[in-house]
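Here's the structure, in structure tokens; my notes come after.
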Amino acid sequence: MDGAQEKPSLGTKLAYGFGSAAYGIKNNGFDYFLLLFYGTVVGLEPGLVGLAILIALVFDALSDPLVGYWSDHFRSRWGRRHPFMYAAALPVALTYFMLWNPPELSQTGLFLYLTGISILIRTFITFYETPSSALIPELSHDYDERTTLQSYRMFFGWSGGNIMSIIMFGVLLTGPLGMRDPDAYVTYGIIGSIAIFIAIIVSALGTHSRIPHLHVPPIPTEKFSARRIFREMVETLSERSFLALFAATVLFAVATGLSASLSFLLLNYFWGFSEFQIFIWTCTVFFSALLGFLIAPRIGKRFGKKKGTIILGLLAFTIQPAPVLLRLLGLMPENGDPLLFPLVLSINVIDLALIIAVTAVAFSMIADLVESNQVKTGRRSEGVYYAAMTFTRKTTQGLGVLFAGFILSAISFPQGADPASVDPDTLWKLGAWYAPSMFFLWLSALFFVSRYKIDKAGHEENLRTLNSQGQAA
């Protein structure tokens, strides 16, 4: 167990981070193509698609914390985490393939099929993602090394999803049917399911050698019961620093959902970019992911995690709405100007890199909650912490989508209109709502980050306390 103090090798870091590509690919499908596929290609009423996803989220609310708790207390010769990771690989891949290959059914049948498959995919990916995320505090006790490990996860997660977008927009959807080509989605499902399976297995195998050094939960002295599970979860999640980070994560997720929901409208209507320019825009995500990967560990080590998150966050939320604000003030080139696209693209590459970096640093703060909670309760609850944060991101991002819908309704944005035909006053209102909303959400999130109390000195003190008590950290 003490071997967890040893710095993970480069191979271990690469394998561990590579596994998050599975989650990135799943998110890419659900965030960008699921509604398009079922609503326009398969023919399911869009409202029913949204309802199916909402029902699946309700099941997430139950499965995420339970899987986290189960993983924290699981005992086997392969440790607490790896049995779940191995077991999830094939079911996730198969159900993801089935998602893009629905049978010919009635509206009711399609709705039930999509609902069932969505629940299965989200449950199976939870059995991988939660235990996998919870490995960070066990792979290293080092305060700064945990930020590095989280950076690997962020890089591969963003890259995995982005590769699938490039394949779709750059290859599969370029035929005469465009986005209505059913064969494109079948191929997308095949490629995605294979990539998910490979990512999970490579990550599990690549970290398998660390199993002897990972924490072994004590043999329970109290019988498992619903009351015990609820009591221990409340004890774990009532940590003040966790609550601060939880609130910040909610606001970060809402901001992300709002930005993602309005991004297509801003690119097409507000800036007037062409389809090819938007494809180039998508490709540059790789550069942002790489920059974020390089920035996060250095900022975290130089300033500490809380201060580093605040610095990166301030830069990110200042840069993100800046082009929109400058356009509202008449200080940006007009649409069609050859300088406009490279200027806005360059700003986005830098801003997205900062967002990826701030997410990596902020999420590495979760790892340091583990020892703080262990000092107080005698339990290591990595799975519960990461499950809570993962579920929060999945659900509250939908609030950003809802907020985006409210903005579009408030300004009476026309549905399906040609970009050239939209009233400039409506576009001005879109920017005027977007920029202040992003400022408010980011500032509020950073306020809650400032309430987080665990720094490097506090983390090291927790490790010393656990060692003096004879508890394995």
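Backbone N, Cα and C atoms are what each Cβ position is placed from, and that goes for glycine too.
Taken straight from TrEMBL:
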TRANSMEM  35-62  transmembrane segment
TRANSMEM  83-99  transmembrane segment
TRANSMEM  111-128  transmembrane segment
TRANSMEM  155-173  transmembrane segment
TRANSMEM  185-205  transmembrane segment
TRANSMEM  242-266  transmembrane segment
TRANSMEM  278-296  transmembrane segment
TRANSMEM  308-329  transmembrane segment
TRANSMEM  349-370  transmembrane segment
TRANSMEM  399-417  transmembrane segment
TRANSMEM  432-449  transmembrane segment
Inset, instruction - Take a look at 83-99, 155-173, 278-296, 349-370 and tell me which one has the most Cβ pairs under 8 Å to the transmembrane segment (308-329). - result: 349-370
Legend entry - Annotated stretches the transmembrane segment (242-266) and the transmembrane segment (111-128) touching (3 or more Cβ pairs under 8 Å): no
Legend entry - Contact check, the transmembrane segment (83-99) vs the transmembrane segment (185-205), 3+ Cβ pairs under 8 Å, seq sep 6+: yes
Inset, instruction - Please figure out which one of 155-173, 185-205, 432-449 racks up the most CB pairs under 8 Å against the transmembrane segment (278-296). - result: 155-173
Inset, instruction - Determine which residues of the chain contact the transmembrane segment (111-128) at the Cβ level, with the cut-off under 8 Å and only residues 6 or more beyond its ends counted. - result: 19, 22-23, 26, 30, 38, 44, 48-49, 51-53, 55-57, 59-60, 63-64, 67, 84-85, 87-89, 91-92, 95-96, 98-99, 102-103, 105, 200, 387, 390
Legend entry - Distant-in-sequence neighbours of the transmembrane segment (432-449), which means Cβ under 8 A and at least six residues beyond its ends: 244-245, 247-249, 251-252, 254-255, 258-259, 262, 266, 306, 309-310, 313-314, 316-317, 320-321, 324-325, 328, 362, 403, 407, 410-411
